[in-house]
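The structure appears below as structure tokens.
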Protein chains: 2
Amino acid sequence: MSSPSYRPIGPVVGVVGAGQLARMTQQPAIALGVELRVLANALDESAARVIVDTRVGDYRDLSELREFAKGCDAITFDHEHVPTEHIRELAADGHAVHPGADALVHAQDKAVMRERLTAIGAPCPAWSRVAEPGDVERFAAEHGWPVVLKAVRGGYDGRGVWVCRDAAQVREAFQSGIPLMAEAFVPFERELAVLVARSPHGQGVSYPVVETVQEDGICVEVIAPAPMLDSEDAAQAQRIALKIAHELGVTGLLAVEMFETEHGLVVNELAMRPHNSGHWTIEGALTSQFEQHLRAVLDLPLGSPTMTAPYVVMANLLGGDDPDLFKRYEHVMAHDPAVKVHFYGKDVRPGRKIGHVTALGKDLDEVRARARHAAVYLTTGEYT
Amino acid sequence: MSSPSYRPIGPVVGVVGAGQLARMTQQPAIALGVELRVLANALDESAARVIVDTRVGDYRDLSELREFAKGCDAITFDHEHVPTEHIRELAADGHAVHPGADALVHAQDKAVMRERLTAIGAPCPAWSRVAEPGDVERFAAEHGWPVVLKAVRGGYDGRGVWVCRDAAQVREAFQSGIPLMAEAFVPFERELAVLVARSPHGQGVSYPVVETVQEDGICVEVIAPAPMLDSEDAAQAQRIALKIAHELGVTGLLAVEMFETEHGLVVNELAMRPHNSGHWTIEGALTSQFEQHLRAVLDLPLGSPTMTAPYVVMANLLGGDDPDLFKRYEHVMAHDPAVKVHFYGKDVRPGRKIGHVTALGKDLDEVRARARHAAVYLTTGEYT
């Protein structure tokens, strides 16, 4: 680890992890005069390429975290993998860590999350801790097949989730050896997400409810606001998310993924950081989720979440077979001078999130088509 | 000089100079996946704080410029002080330098600029090269007092300009010993600016005409679009700016400062880089001037200059007596959650441009008041 060669002028925010979320946080940090520091695995990671004060170290090592935290006005995270007990130690040292361990554990441990959400009355699917296949069969006898088995810790982007239709598939899932929990399968109409921010002194702000479109468990498209959503349902979704943030004591951003079902909303997952479902806010809201997160972790007044256009659509860029994205810039920019392209400074690997595009406008079908065209062309070279 | 420890993935753009313009260019560079490199005077300069590939060196030294340029896909500038002949040498070495020497000289040398603008029929005040006070007196005999004397090279923000009302003041201006030129004083109604971009293969784009408000020769406020501007005058201003960009072979951005007078528009100054009169575009246009400049110097299709709100007002933050801006963050953010604050990572010195604020909205008076309030409060702590 080494210090930068300059004296900070603004507040210093340390981000553990140097992926695209930390990278995109540098954009508002530049404007706010916030000096970002990241803890990276390597100097060529996404955020390390654009943040001068990059320290290479292991987020699983408490002494390295302590060294990293020295001189930071606040500590936050690019991912949810820092051991809960290390976060407690940093707070005990006197550091302002946001979100804190007591909140973050709900985004790290799905069973703890379900217990707590059930206790505060947030709508959840039927669920149970399970230790062996027999537990799952008893759960299925009560709630029916299929049963969704989830890794209690560490799953993301569809990994760590098994949709089991019978006992044989359950036994197969248990072969992984990792701790699992069971949830009833939710027959949903679509997936929604609500992004809220909460500051340490308790101010809360909610962005509009969005629709997220997944393929193979990976988010491919986000539509803001969620089209045709009943205004009472939208308000309820925002109330649920703000209540979770308040009850769990979240500081910083909280993304609440929900299912819209015939019988109402059901909470699916929580994330406590800037989230893929909020990338549209960079151009689509007066305050981007990345700026909002910085304001929240520094306990500054939160910014306006007002949208800048009637509809905003974000489409993820997933790596394809061709590693050279840049040669396809020209077509996309010439075809649509108003589409916004975001690259994450990552080498292309099939299926990897390497960037996203955003389109804004008044006509939802047109905006979706523009975002889709740019995303498909950039990743595959195909003209849609 | 040293290389960064990572291999670039996107195109590399080298920016000579590490002030706030290079700093703000890093925001869209992060999105575009463009890898910025800056040539700084010191590692604590505004842009050096947020750009990993910062090289410290002297832009007046050709061998250092050559070392800096190695591996860049394009070279551009944060300021206009690089010697014209060095730019020619870099181009002769095979580098893509934008703007090129033949264009940039018009932003470096005011007499060359006036000669050329006169030749292409752009509206200019009466002007003359002058070698001694007697030349100015003869100029005044023809065009009247006051006479504006300008440093042929190197003036900015009101420095290098003398408004002389008599021969004694002329003799005083000549005491500086620097080469001067004379211009007739233009009795203007207000000052306007037009920002255009031109790419190497000749695509041109103009932003809306803005009004700039100066105090003591320093821009304090920019209003987009210029209020109550006759649409034919606005179109003419854009035509003049695009014509200058085309005739001078500008690549990248060109800011044309104009006077609006009783008898029409008069060109005042040119700048060939992102410009203070275009900072409002960061939030106020679909493509910011900084992204537009990157697109232009990489010869990519230009982005849409469409405004994101009916009115956008930018107010500069000029350093006051109190060095601690950050403690006043809280009031400004709480008072107006939609105002956008930009700090340049510079120590506060009285009169120094240390940042700017931007407000957007439908009601011009309200938008101006919001921007003004935030700027005054941040710099002086006074509540307006």
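Glycine is no exception: its Cβ is also placed from the backbone N, Cα and C atoms.
What TrEMBL annotates here:
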BINDING   A:LYS110, A:LYS150, A:GLU183, A:ALA184, A:PHE185, A:VAL186, A:GLU191, A:ASN268, A:GLU269  ATP binding site
DOMAIN    A:114-298  domain 'ATP-grasp'
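Locations of recorded TrEMBL features on the structure.
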| residue | record | Cβ contacts under 8 Å, 6 or more apart |
| --- | --- | --- |
| A:GLU183 | ATP binding site | A:ARG114, A:PRO125, A:ALA126, A:TRP127, A:VAL147, A:VAL148, A:LYS150 |
| A:PHE185 | ATP binding site | A:PRO125, A:GLY144, A:TRP145, A:PRO146, A:VAL147, A:VAL148, A:VAL163 |
| A:GLU191 | ATP binding site | A:GLU211, A:THR212, A:VAL213, A:GLN214, A:GLU257, A:MET258, A:PHE259, A:GLU260, A:ASN268 |
| A:GLU269 | ATP binding site | A:LYS110, A:VAL256, A:GLU257 |
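The Cβ of A:LYS110 (ATP binding site) has 24 neighbouring Cβ atoms from other residues within 10 Å, across all protein chains displayed. Site extent for ATP: among the recorded binding residues A:LYS110, A:LYS150, A:GLU183, A:ALA184, A:PHE185, A:VAL186, A:GLU191, A:ASN268, A:GLU269, the largest C-alpha separation is 19 Å. For the recorded site, A:PHE185 (ATP binding site), the DSSP three-state label reads coil. Look at A:GLU191 (ATP binding site): DSSP puts it in a strand. Mean per-residue pLDDT, taken over the domain 'ATP-grasp' (A:114-298), amounts to 96.
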